[in-house]
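Taking it in order: structure first as structure tokens, then the write-up.
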Amino acid sequence: MTADIIYIYSDGACKGNPGAGGWGALLVAGGHRKEISGGEPNTTNNRMEMTAVIRALELLKRPSTVEVHTDSQYVQKGVSEWLPGWKRRNWRTADGKPVKNQDLWQQLDALSQQHRIVWKWVRGHAGHPENERADVLANQGVLQARQY
């Protein structure tokens, strides 16, 4: 890992879909690590996956080079492939339907424009230590959400 790159490992979890959900992220830069997590009582897995990345990017104090590792193809493909078309079509899908989670996509889009980001999809639960940690944090968020 290079010290000038901020690595973000994110995950979302949902018990029921919709249901109680949690998100977690691990940020690694140089020798520093920061863990964040949270939850919502009634949400979806995709909203939690997106929230994990949003909350991590919100912590960055200045424009940075970032590598986001997510096991969510929805997030990775959404940002890398689908977002430009949605914006061109005024937040409509290719078949004219409103984009789901538009509020979060707009937040993620705005935050992404502040940084140089490489989006990397990783297979979930494949033994990658940082992504496994993000999964633990997301499940802690589910437990927090169930207490509401």
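Every residue number used here counts from 1 along the chain in the order it is shown.
Just so you know, glycine gets a Cβ as well, placed from its N, Cα and C.
Note that the coordinates shown come from a computational prediction; the quantities given were computed from them, not determined experimentally.
Summarising the annotation, Swiss-Prot assigns domain 'RNase H type-1' to 2-143.
Asp11 (Mg(2+) 1 binding site) falls within a strand when secondary structure is assigned with DSSP. The annotation Mg(2+) 1 binding site is assigned in Swiss-Prot to Asp11, Glu49, Asp71.
With a cut-off of 8 Å between CB atoms and residues at least 6 apart in sequence, the same chain places Trp23, Gly24, Ala25, Glu49, Ala52, Thr70, Asp71, Ser72, Gly124, Asn131, Ala134, Asp135, Leu137, Ala138 near Asp11 (Mg(2+) 1 binding site), listed in sequence order. Here Swiss-Prot flags Asp11, Asp135 as Mg(2+) 2 binding site.
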Structural state census, the domain 'RNase H type-1' (2-143) (DSSP three-state):
56 helix, 49 strand, 37 coil
Neighbour-count leader, CB within 10 A, binding-site residues: Glu49, Asp71:
Glu49
Asp135 (Mg(2+) 2 binding site) CB neighbourhood, other CB atoms within 10 A:
21
